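Notes for the one structure printed next.
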């Protein structure tokens, strides 16, 4: 079967779904939507892998190295477990062996049969795991040394691991300050050993983990930084002293750690769940949450968002800028969707048919999950490769089709139309 992306593929999928609903006079079930998505995989993707884990993971992040193993590219991911107290929890390192062509952005057709193992069965395998105190709500590696991984659990305790070690030696430090569950955890890409955390206790803490002492206390704390649960914290991508937070109190705040002051206090109509700073523009950042919209902001004037992007049908749970492609943003949500946004297309003119398909900035909608998506990660080494983790133990790894012009380059001209 030749892998060709019909320019109207998304419209065709919508038409098929609409026809199925009209025929049954009832909305499609989640399983029916999944089967429809699966039938369109060869048309919409260069690669898809789905792995069912023993327990759900609330977190996923690609590790930066890649290795060539038996003519396949091996990439590793950070995963966690959430066993609800039924079994021991673990920090896990997963590995996936990708077909070499997945690392290329080739538009060449290739033959894929329905049982193509390269495309479908490159499952994530757990290659290393470390016992962990409680469920892992977030895990992130330190950019300056990817052997160092920080985790935070349901009690707000933070742990520092060295994944190059084994057994009890791998746990280097325990960081105690927060008193409740935490989802905010971020290393500073511009300052080694600098860690940021936020939790349900409404507090934010900054940590220096350089000594790897058994027990570490925060260097700076922001007591009652918010008046409700903190959903996320992130460092600015290029300014080492600036970070942001979002909260259930319907505020988003930007801080300067040099003065321990809030530099922007932004009131939002609904609580935001997540935020992200652009790696290409020092002024651009994004945030999203419970009103299903993805907002773009200019840090120089935060009085109003630059733009609000529509596409999700439920709360947005995670957003991430593409580290390889300027203007590309990913968002995932409780609607079981990950949307790939092309910010360069905002405001582009559309035909009536295109308007019915959705906003011009929607480049791709990944619709392969059956439950809410907990976290997403964009691969820093392989263009357009994404990992997404859902509530129902599933991790999917996928790469949009290189036949999509923005992904594979300018479309080739079909000279036959001139005959």
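Yeah, the Cβs are placed from backbone N, Cα and C, and that goes for glycine too.
Look at Swiss-Prot and you will find 131-171 tagged as repeat 'WD 1'. For the repeat 'WD 1' (131-171), the model gives a mean pLDDT of 98.
What Swiss-Prot lists as repeat 'WD 2' is 177-217.
What Swiss-Prot records for 225-265 is repeat 'WD 3'.
Taken residue by residue, the repeat 'WD 4' (267-307) breaks down under DSSP into 0 helix, 20 strand, 21 coil. Here Swiss-Prot flags 267-307 as repeat 'WD 4'.
What Swiss-Prot lists as site 'Important for interaction with HAT1' is 284.
Feature annotation from Swiss-Prot assigns repeat 'WD 5' to 311-351.
Per Swiss-Prot, region 'Interaction with the histone H4 N-terminus' is recorded for 353-357.
Using a Cβ-Cβ cut-off under 8 Å and counting only residues 6 or more beyond its ends in the same chain, the repeat 'WD 6' (368-408) has close neighbours at 3-5, 30-31, 34, 37-38, 41, 43-62, 64, 66, 73, 75, 77, 79, 94, 96, 98, 102-103, 105-107, 122, 124, 314, 317-318, 320-325, 330, 332-338, 340, 342. Per Swiss-Prot, the feature repeat 'WD 6' maps to 368-408.
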Cβ neighbours within the same chain of residue 284 (site 'Important for interaction with HAT1') - under 8 Å, at least six residues apart: 277, 278, 296, 297, 298, 299
Beyond the flanks of the repeat 'WD 2' (177-217) by at least 6 residues, Cβ under 8 Å: 137-145, 148, 150-158, 160, 223-235, 237-240, 243, 245, 247, 249, 255, 257
Beyond the flanks of the repeat 'WD 3' (225-265) by at least 6 residues, Cβ under 8 Å: 182-191, 194, 196-200, 202-204, 206, 271-279, 282, 285, 287, 289, 299, 302
Tally of residues which DSSP labels helix, strand or coil - the repeat 'WD 5' (311-351): 3 helix, 17 strand, 21 coil
